[in-house]
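Encoded as structure tokens, the structure appears first; notes follow it.
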């Protein structure tokens, strides 16, 4: 079979076909209201020499050499970067993608400040001539800016006139040069207009707004008493923010740094899209948020220093058992080691006789992008955060740590670049920006021009996401981790058994070791147990990265696939995890303006303001300080009674059992410490944000599901986090609000399958327990602790007690989010897709006086099967027939629609059977096997049409993944290259990422690691694609439904938050939200989704041929129709027949979400 190297090449000026063999962009919409983005077909090119292909420019991803070029440019190493640039030019002459690289090179020379204009001009001319290209408007803008430099003014003004003359001679427009707001300030624009005698009236008012030309700019005056970025009111004394009394220096130092904004004159550029006007507090909080993001890393080091000095002042000269002080001792040594490493890198770069393949020449330019201070602080913060993640309670893989460290350095570098770019933005005038916000037409035009400008300035001027190659990330991370391991020491104490005294010894805080996982030897970094104890001891965590925290202001609205959320960190709208194809689709959909509604919806989720529930926080502090285990809160110390070593035993098995038990207890203890550290993180964040209003920026997974970008404390987390969080904006309960609070509390006790009246009565009957819980949460009956979600229940008890005792509950201001959950939401979508009336009734799409319980319905069918088998003499059926409850089948029913495998379902049922009285442990596996088959059989009988749709989706996926474009087959390319791609109703393109990526061996300072090469040319995994497609498709539907509901609520000024298929709002707005979410569901499914999907597949994969082996049909029939051909035209099977369900019935179903 002919094998070819497939080089993906995305042309900016030509339409090419996609990797899946598809035309990339449609010239017309498939449908009237949504636009599927199609894929690229590979640009087939003969394999070039090993050196040559390194320098082929590829827009779809950045090669290691391209990233190295950028790193050298940003480091000011213009000699090496020019050498690399010339190499690119030699292999890509005439290709316009060279222009952004040339522009970046010119821009960095200019922005360094010290340059000769003649050198800049000659450099630009030389590079452009070698590349056989003409400069674009950005090239001319940069050169014009250089000519305006005060040190070059005598020579510069004639050059300016010549540049503009040349640009006009090439039929260019001056406005195209001036519109590069990242290059010119308004004053520079005005100076150019004056020099060229361009009348103001040549520009439209909208263009003048975007150029930054205001009346004050024209007159040349600045308003007295006002800051350039806003009015004098910003300078006025702001009200003090109430602080929380605490031992930690972390918050005090942070608040100290923030308070400087009250008294000092600080220029804070105002973001062109994000700032809401009319509230001084918003402006102040924006300043605090930006300061937090910009300076928190180095502020952490200051906190560590403060704590360390405090310990020394107390006269304790030993190694201190205090997190901050310990970190500072590491930080000081680590910073020095980074300085020495950077010095070695600089020396090596000057020594031309050394081996050019030396690793320092490869990773050095990247390491130098950050200061040694930041490198040291980030290294400690990143390793500490991973160490406290419960997933790594037995240690973290070296590859995970190296990747995390390297990516954290890259993110910080991107953050610095964003801060730098902000200084050059033209939207610095708050008054002018306010005019844009007050004129919707001008604002829309401004956003459009910004989008065009971003495209015009190109990706090299704005470093892309994950642009550092994986090999570089690993090498940089390895350097940092090796340096940390050499300095990270911790003091441990032990009792001297001979003297009874205390022994102290300094040991490594982290150990590099190896463990076996699935038969493979894996490098691990294991923290010392004393380090875990230290982290979990106090509420003191000065190592939280600002990019992991909630925000003090409304997050930056999403305006493109790569621009939104935090202000000084860049993350994509969709969490890509190296899925390059998803980037391709997402980027083009964003550029085409097709994601505007999705941007609006994700931004709306971020606009919801939150606060900490102070009453619940106080309860948690009491529990935490007690050090005892309570519900899900881990204890301070885990007591593990280790049996004595059987040294006198003659049975070797006794010693094996003892060692096994020892490992189990050690793992238990380490896991408990890790969980306490994780809980400590959450509590620390809550403490820091007491008395604050804050927000959660959101992003999506590849299926479109929304998640907060913030880590640890957010509403998608556990019961404790959800209980701690409430809406910062309160609303009166109104006539029905108290009843909804009662329904909410009953749901938290697991009484969610009763009618609303019964749920309300449950709370009324236990009202004295509610009062007792609110008054004496830890000293009373603790009735709240018996709830399924106890901490949320306690928060609800506080709210209900206060509302009832207020005397006027309708006027009581409520902050608690009321949760309305779908009934096995995946099955709801399947029932609507298939028009399944019986299925619809089971999942509350059909109106009823009481909610249906699908889990009980399945359990009843299973019991019927078992009774029948028992009557036939089956022993297992006879034992199980009276023991199968809804709780036994619930996990399998919930996950069946999301693709749970038989093995996964059997494990779920095994765990339930183990708790049944009389069940012998040795028989669990056999009984679980038997029962799993019966549950699957029951589900198929109850949801026939849902399974028919699942089968159709899997069959289509199987055909797609075994298909290729006809021209590929002719050329002998028969690899399985085609993934499944579809488009949601909100125009989000979804590409399934399951491919057979090859591993690449990377040698680092610490050890050899293996990383996946995320390559578009990797073959797909047909089985994984097929099994994952049905659940992924349903996930994309429930995400679309959530966003449609979000948009409707936003239009009605209703606070809306969501955890997938659980929708939250104020108690007074529950009825209205329920009405809107029903309308959104009907609207979604009125679009004939399955027919649309089939049409999209037929258009997307038009002209494809599929392997005959992939088609489940009679061989004789295929042979008669196609002869002996191995590949035949791709045809999709007909859709399953749809039932007679009237979707409008959903509008009448009050238990649809409840």
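Cβ atoms here come from the backbone N, Cα and C positions, even for glycine.
Now, the feature entries from Swiss-Prot:
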- 1-30: transit peptide (TRANSIT)
- 221-243: region 'Disordered' (REGION)
- 223-240: compositional bias 'Basic and acidic residues' (COMPBIAS)
- 821: active site (ACT_SITE)
- 890: active site (ACT_SITE)
- 1061: active site (ACT_SITE)
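The DSSP secondary structure for residue 821 (active site) is strand. Long-range Cβ proximity for residue 821 (active site), meaning a same-chain Cβ under 8 A and a gap of 6 or more residues, is found for 747, 752, 1061, 1062, 1063, 1153, 1154. Annotation for residue 890 (active site): spatial neighbours 855, criterion Cβ-Cβ under 8 Å with sequence separation of six or more. DSSP classifies residue 1061 (active site) as coil under the three-state reduction.
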